[in-house]
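A.B. asks: Take a look at this one; I'll ask things after.
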Amino acid sequence: MRSSSWRKSDQRVFIEQVRECMNNGYLLSSKKIGSGAFSKVYLAYATRERMKHNPRLSSDLRGKRHTMVAIKIVSMAEAPAEYSRKFLPREILSLNATYKHMNIVQLYETYQNSQRSYLVLELAARGDLLEHINAVSDLRCCPGLEEEEARRLFWQLVSAVAHCHNVGIVHRDLKCENILLDDQGFIKLTDFGFANWVGLKNSLLSTFCGSVAYTAPEILMSKKYNGEQADLWSLGIILHAMVSGKLPFKEHQPHRMLNLIRRGPIFRPGLSPECRDLIRGLLQLHPCERLDLQQVAAHCWMLPAEHMLSSALGAPREQDHSWSTVAPDNTEPDRDTRHARSKGSSSSSGRTSPRRPSLAQLCNTWKPAPEQ
């Protein structure tokens, strides 16, 4: 009896959502393509009328030759007040700040009422990176992706993260499940709910974010941390998962995870020395000893994927004043704390080369502006 009443309630809510989407120019399908604690993501279709009035939407969908989008519906009744006040606005603002990068999921528009918020997003139809790694591993009868494919995908991911950092955004929840693939196999970084704006490069944060398996050791130790360096640790975990088919450290308890981290990653036989060196460089226990994005871009393992780049690095950080309405994580409850970053030199001669591409080349891998 109770389950029947729940089904009727769900049907009523879905009908309301269909009506609200229709009123805003979208045909909501019943196909659910994702879900979170208090949100669901559905496949939807943009109407011709909506595309006429939304240049961002029409320019992107023209290139894709379809009208499909993903609509994320957040239940404001189920979401905690902190999520509605802090995390949802950060997600929206970070997606707006990173608009046009080809490896970051595009936000076309938002609308809301007292009960729900709707985010109209670019559709990435081939699932997430974790699903892709598992599917390829099954086909190959060997764990992980081949290094050439891992290199191609990792280039795109590094490009997306470099662009985020260049506009002052740290993601803080980088993991395989938050990296989607579109129908052409391109990476689409998503889920910016924990993203934060850092006005100064060496600002320190203190909020524990993300999944333990991808979380930097300084965060596990409850220390204040540099968000960019924490993102770099997560990149190392993701690369290891790509080429090995499994996470390098897996424990639910932070103190046990730290013990595994101190022992260092274990690599599968046959993995190239260059790839091992890059992963070790990213998974340094001490944040200041970790490779930065400039060094990642210049690493010898990355060189064969140079064709993925498009323009120039070392560009000055762009300031996005739209973030001024959202308090950075280190203002509440944290105090504004900064440190001078001392970057150690790389221990491996294979890691850097002055002839390799610079970071601006990574940051600028975005889509051209739509034609007017």
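The backbone N, Cα and C atoms fix where each Cβ goes, and this holds for glycine too.
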A.B. asks: Per Swiss-Prot, which of Lys8, Lys72, Lys86 sits in the ATP site along with Ile33, Gly34, Ser35, Gly36, Ala37, Phe38, Ser39, Lys40, Val41?
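C.D. replies: Answer per Swiss-Prot: Lys72.
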A.B. asks: Around the Cβ of Ser39 (ATP binding site), how many other Cβ atoms lie within 10 Å? Please give the count over every shown protein chain.
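C.D. replies: So the Cβ neighbour count for Ser39 (ATP binding site) comes to 19.
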A.B. asks: I'd like the Cβ neighbour count for Val41 (ATP binding site), meaning other Cβ atoms within 10 Å of its Cβ, all protein chains included.
C.D. replies: 19
A.B. asks: Using a Cβ-Cβ cut-off under 8 angstroms and a sequence gap of six or more, which residues of the chain neighbour Asp173 (active site, proton acceptor)?
C.D. replies: Asp191, Phe192, Gly193, Phe194, Ala195, Cys209, Gly210, Ser211, Tyr214
